[in-house]
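For reference, the structure is listed below as structure tokens.
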Amino acid sequence: MNVSDLLNILNELLHPEYFSDYGPNGLQVGNAQTAIRKVAVAVTADLATIEKAIACEANVLLVHHGIFWKGMPYSITGILYQRMQRLMEGNIQLIAYHLPLDAHTTIGNNWKVARDLGWEQLESFGSSQPSLGVKGVFPEMEVHDFISQLSAYYQTPVLAKALGGKKRVSSAALISGGAYREISEAKNQQVDCFITGNFDEPAWSLAHELAIHFLAFGHTATEKVGPKALAQYLKGAGLESVVFLDTDNPF
């Protein structure tokens, strides 16, 4: 299998054409005709991850966060130069899929969590189109028990919480990554909790004034889910050597 074949698989699975994204989805650096030796899957194409990909002898790095974003300067200098230099020195083809991997209803960063935790009556959630997140219901429990359940799933303690809602909860909305502003939409949808990755100062007041729980588990932790699931998917799609590269990024 070559990189072009892999791109066909990924495009058919993730449908990037449906999304107006913040950066290019698909092959960002490399040659589409390269024969695949080993695929490394990760959250972000930072220098540490690129070095890990080189060390494990991968020649394809597939990530959620690539190295090109809208509004970047055209010049290739500084950190961007260093990353591209190591990619090319290691003969690594870089592939990235951003919003399509958030939104996928089976292996995405949001829907997979809801399915794994047994939420029911699942519906798309979020103000963007297509929607990136998911909402659902679950058996009523104490909010602190719900937080513990999520912490165990994400394998990290909650980084920020604003408990503005009721003591017992039975519904939630989830958008991974930097979606704290969607708390207002969560209230509009009448769920008990809103879960995301990042947090910022307004979230505290909004949670209490809207009478909803706000829970943030970190951008990285909430966006490992999709890449891990994608790695497993590719193993079943004919790729013999696929690894997930973890990171110790707590943000």
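Quick reminder: no glycine exception, Cβ is built from N, Cα and C everywhere.
Summarising the annotation, Swiss-Prot assigns divalent metal cation 1 binding site to H64, D102, E223. Remark: E223 (divalent metal cation 1 binding site) has V43, H64, H65, D102, N109, S176, G177, G197 as non-local neighbours, by Cβ distance under 8 Å and separation of at least 6 in sequence.
According to Swiss-Prot, the feature divalent metal cation 2 binding site maps to H65, H219, E223.
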Exercise for review: Among the binding-site residues H65, D102, H219, point out the residue whose Cβ has the most other Cβ atoms within 10 Å, with all shown protein chains included in the count.
Suggested key: D102
Check your understanding: Setting H65, H219, E223 aside, what same-chain residues sit with their Cβ within 8 Å of the center of the Cβ atoms that define the divalent metal cation 2 site, listed in sequence order?
Key -> V43, T44, H64, S176, G177, G178, G197, T220, T222
